[in-house]
């Protein structure tokens, strides 16, 4: 056991006050909390290096930017999922909410509703669904797993009921935003969705790191009962977290409809698992209370880079993606387990 | 009446009866069972046949949930099991050879056993949260199944293999017999021996049960193996029924239906108390709901919507907090009245 944690008393150490060496940790030794994120960062760099060495054209800046372009919606959804998982919960409904958002959006736009009405309506819908699930989870003590499962059935069911076919979107606003590119150089660009996604990440990171709300989120994940006894607003925060996840899911749905310019009730099948995987790979503890949003961003990039490598390889089939993601999940969970030590054991018990 | 209403199977049974009564009015000859070629036919038989894989997966899931865990990988295990069995049968020189088919089934189930050992190892030895530990196999398992089938849908033409999912024995569908036998065997195992009690002890508190001398680790490991093998059998039934291994469709989202069946059956997701009979009832209820929606004339797209409503209603009915918050005023008033009287 190193003296990384504050609670550990090093018996070999000199008396407190006689030497500062035991109080401050070795500046060259990373904070244990940061190890999972650093591991993900190392992996990302390693994967990128592997790609650059093995494939011609992999080093283009546009390849990296395309990872963002193709995964902007996943990034937004994963941000919401991070909030929920930090409180120790889980949200299985996000994929279905994305599908519902695209289907409803496409239907309303085709019915002639103006975009400035449809867009807020979609975001409001996702947020409302999230808040209701949060309320059921908190007040009626229904397991998050089951409550959000019901939300998943509900959202996917409504989407199927609205239209079971794929609906193309030809609304002027939607098309123009979807085709909007921010160009840096000749052939180097990002889509407008990337800007939205990065803005969401930035705001969420600031909220988590600097606000009272963010601290309560971590506190609930650490121990909800203690948080309650400390007088923190557990009810409000927990419900808000599911609301944020619902909002992010519907925003992710809007970005997805920009990406595909279509609405389909079977869009984003299994997206919730991708989001959970990204969060876990990013080093957020599924038991809650520990992790960083930056890790989630890295997790999404890892997933995106796996896809890119498989595309560049050409001969590798798509199912290798699943297997590689599974192996990575395993590696990161074991790493977390090693890093966090006994804590995880107590939580599983 | 109130004594029966408190039984954990009261509400699921009430919903099931309600659904059946609905069918009595809306569906023609719903309860009629006919015999064609010595096989039983009818809506009820159909529900039982469709519920068979869900019952198998559900009873395995119940034992896992009894220990306070959860197994998300069952759908992927189903896909792997069907894929391997179909691959091996496809490689046989004579696809109708009984020995070859039995060998393929044995190897497929053995692989599922291995997958269960893997899940159990992650949960009980390494100490990973069950939902995360089984998420790994859930994601990777379907890839594994696709790897086995080479990304194709493998078709087989094997009459012995066909028997598992579509065959009849003494006029009863073989799949139903398998599901009922497995459910009965597990029920006997957990109720006639101390196993059920030990599982509940582990689910109640692994630490306390370990201090009481219960081999919590081994028991936890065991339930994941049982769940994976049950899912493997369900995968065989599914792939035999459609004569092919479809890695994407086999067992897709069945883990959620199975968890739903377990919860409907009155097993608490927190572990420590379980009911295998309740899970079987839950699985039958889910399939009856699917059939009823069609027979009442509601478009099948609404299926998920009704499932959502059933989940919400049942969970709220079973939630202590909901009863306290919403129904408290009535009970306190009644208590006050009783106190006065």
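From the backbone N, Cα and C atoms, a Cβ is placed for every residue, glycine too.
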Per TrEMBL, the range holding transmembrane segment, considering A:145-162, A:163-180: A:145-162
Matching range for TrEMBL feature annotation, transmembrane segment, among A:239-259, A:260-280: A:239-259
For the transmembrane segment (A:116-139), distant same-chain residues with Cβ under 8 A (at least six beyond the ends): 89, 91, 93, 97, 100-101, 104-105, 108-109, 147-148, 150-151, 154-155, 173, 234-235, 238-251, 253-254
The transmembrane segment (A:293-313) and the transmembrane segment (A:92-109) contact flag, 3+ Cβ pairs under 8 angstroms: no
Interface check, the transmembrane segment (A:239-259) with the transmembrane segment (A:35-55), three or more C-beta pairs under 8 A: no
Selection from A:35-55, A:67-86, A:92-109, the stretch that has most Cβ pairs under 8 A to the transmembrane segment (A:188-210): A:67-86
